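Visitor: Structure below; questions to follow.
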């Protein structure tokens with residue numbers, strides 16, 4: 001048997017990468033998925049290949065300390081045919097001086113950078129990724145349509161705003177843009193577990209549970225050289241507002257090119273979006289999820305205690321919070337480490353909130369475990385369970401220091417949302433996290449989770465009811481009314497005090513300044529379903545200076561019954577709607593042909609806009625760059641801000657052009673346009 005004498009080889013990157021669905025990363029290097037064969041063409045220096053008469057020894061290794069035992073090294077020779085369960089190689093061409101060599105990795109091989117040695121001389125580098133198209137891979141997903149969304153889609157929609165008014169925000173994930181895969185692999189290399197024990201870490205990368213947990217810690221920089229630094233105040237000195245980002249590409253590139261210094265600043269949707277980009281880049285199906293009225297339970301008692309003063313305004317007495325919304329991601333995988341039934345979507349939350357095993361990370365935890373109340377399963381089930389199920393108790397703190405429980409209905413874990421597969425519609429996935437309220441299954445889950453408060457709760461409607469009603473759409477720049485509606489269901493006349501106030505609020509529940517206030521000391525309610533409607537006028541001149549970038553106002557109506565001394569509280573956050581950005585594509589969109597977009601925004605404010613600036617980006621549209629266009633002129637009330645932006649698409653298919661408008665008075669307005677690029 002003669003060893004093949006190799007003169008040169010061809011990695012067939014274009015063919016292999018396309019076959020492995022990695023060609024959008026480029027075809028300059030070999031990027032393949034595990035459990036699926038790839039082909040290298042060998043050109044022989046002398047002799048010809050003869051079946052049964054030719055031999056070739058191959059070695060593959062990954063990481064700095066490759067070993068057979070850890071699965072980070074393997075040596076193998078030629079066999080008659082490929083064995084997809086282990087590293088194997090077979091020749092698929094007829095006898096001759098050009099040989100097609102087919103090589104396959106096992107479906108549980110560690111992902112990352114690998115070195116392949118061919119016989120005595122040839123060394124080949126390649127990148128190995130998870131393979132959700134391979135039935136033997138633990139990230140296997142059996143729907144081509146879902147894989148197009150959860151692996152291949154380079155853009156998406158993130159839901160912000162409020163549960164009564166979810167606002168879709170476009171995001172450019174850009175996981176296949178130039179340099180992004182390298183940045184993702186570097187995130188794995190910079191993680192503390194790798195720095196402590198690189199050999200063990202390289203072996204751990206076979207397991208998406210391990211890698212998801214690493215990513216959840218490394219997307220924030222709280223314990224490590226992670227990607228993003230969080231900031232939840234209005235002071236963004238030394239960085240930029242989290243709302244200024246339109247995608248993950250700039251963030252990952254900045255981190256990678258600046259010696260892994262954290263990028264400033266992120267908030268929950270930015271952390272989640274970057275984690276989604278990295279997961280998809282590595283081959284783990286991933287989607288971004290928004291939980292409205294998300295509880296942040298710091299002491300694990302499944303109760304959020306809130307305190308208000310005698311005007312119904314929140315006073316910060318505990319670290320427990322309710323965020324207007326909170327974003328995380330779900331990664332798709334089987335869970336062989338848990339009992340059967342917990343495969344599928346797993347919550348992974350990279351926003352630094354609470355420590356887990358001494359590190360700011362959270363997950364992965366199966367959605368099924370949250371729904372069933374199985375809180376001992378790994379990892380961090382109690383925290384996520386509380387985010388969607390915690391009970392809210394509200395107390396009034398009086399001036400004399402005493403406290404009294406007040407009647408208020410606040411629900412957490414509402415309208416849990418993600419982008420639909422293959423369309424820009426919102427998909428409600430609340431049912432994957434919790435059973436219908438009041439159902440037997442819900443009670444069973446609460447019993448398992450020891451959620452006693454919810455089990456003991458009775459609907460006590462003590463005869464007085466207060467709710468806040470608002471207009472259908474409240475546009476930023478307009479004056480509008482909001483209403484406290486009080487119903488007296490008792491047989492007696494009631495004398496009450498009504499305090500109706502409004503304050504700016506950030507999405508994570510931090511209160512700002514007063515935007516309008518009313519205190520009525522003598523409210524009389526007729527018996528038997530007598531109803532009273534009290535209006536509070538919201539004037540732009542009053543709220544404009546106080547709003548945060550989140551465009552949220554918190555309304556609170558506190559009703560005090562003089563007769564019974566009971567207090568009733570209604571709270572509602574309203575979202576002020578930004579104007580629409582209109583995008584018109586000029587010309588026929590084709591690959592590698594220059595294209596123009598005309599972008600327009602009408603000034604809805606009663607004041608002029610200055611320093612107006614449009615920025616756009618889009619995967620395979622703007623060459624991986626952010627394109628900026630500034631307006632020199634002032635835009636008067638009711639006038640249009642209008643620019644033309646030029647770009648050259650590089651790949652055919654459906655792409656999102658993501659737009660951001662910024663000015664002195666109107667900040668970070670988002671818009672997008674879907675563009676179908678022809679060949």
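Positions of Cβ are set from backbone N, Cα and C atoms, glycine also.
The shown structure was predicted, so the numbers you read here are calculated from the model rather than taken from an experiment.
As annotated in TrEMBL:
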DOMAIN    260-352  domain 'Transglutaminase-like'
ACT_SITE  268  active site
ACT_SITE  326  active site
ACT_SITE  349  active site
BINDING   389, 391, 437, 442  Ca(2+) binding site
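Mind mapping these onto the model and telling me what they sit next to?
Guide: All chains included, 27 other C-beta atoms sit within 10 angstroms of the C-beta of residue 268 (active site).
Same-chain residues at least 6 positions away in sequence with a Cβ under 8 Å from that of residue 326 (active site) are, in sequence order, 268, 290, 291, 294, 296, 351, 387, 508.
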Visitor: Let me know the most crowded of the binding-site residues, choosing from 391, 437 and counting other Cβ atoms within 10 Å.
Guide: 391
Visitor: Taking the Cβ of residue 442 (Ca(2+) binding site) as the centre, count every other Cβ atom within 10 Å, in any protein chain shown.
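Guide: For residue 442 (Ca(2+) binding site), the 10 Å Cβ neighbour count is 19.
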Visitor: So if I draw a 10 Å sphere around the Cβ of residue 389 (Ca(2+) binding site), how many other Cβ atoms end up inside it?
Guide: 24
Visitor: Quick check for the class: what is the C-alpha distance, in angstrom and rounded, between residue 437 (Ca(2+) binding site) and residue 349 (active site)?
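Guide: Here the two Cα atoms are 25 Å apart.
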Visitor: Express the distance between the Cα positions of residue 389 (Ca(2+) binding site) and residue 349 (active site) as a whole number of Å.
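Guide: Cα-Cα distance, residue 389 (Ca(2+) binding site) to residue 349 (active site): 17 Å.
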Visitor: Any idea what the Cα distance is from residue 349 (active site) over to residue 391 (Ca(2+) binding site), rounded to a whole Å?
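Guide: Computed Cα spacing between residue 349 (active site) and residue 391 (Ca(2+) binding site) is 21 Å.
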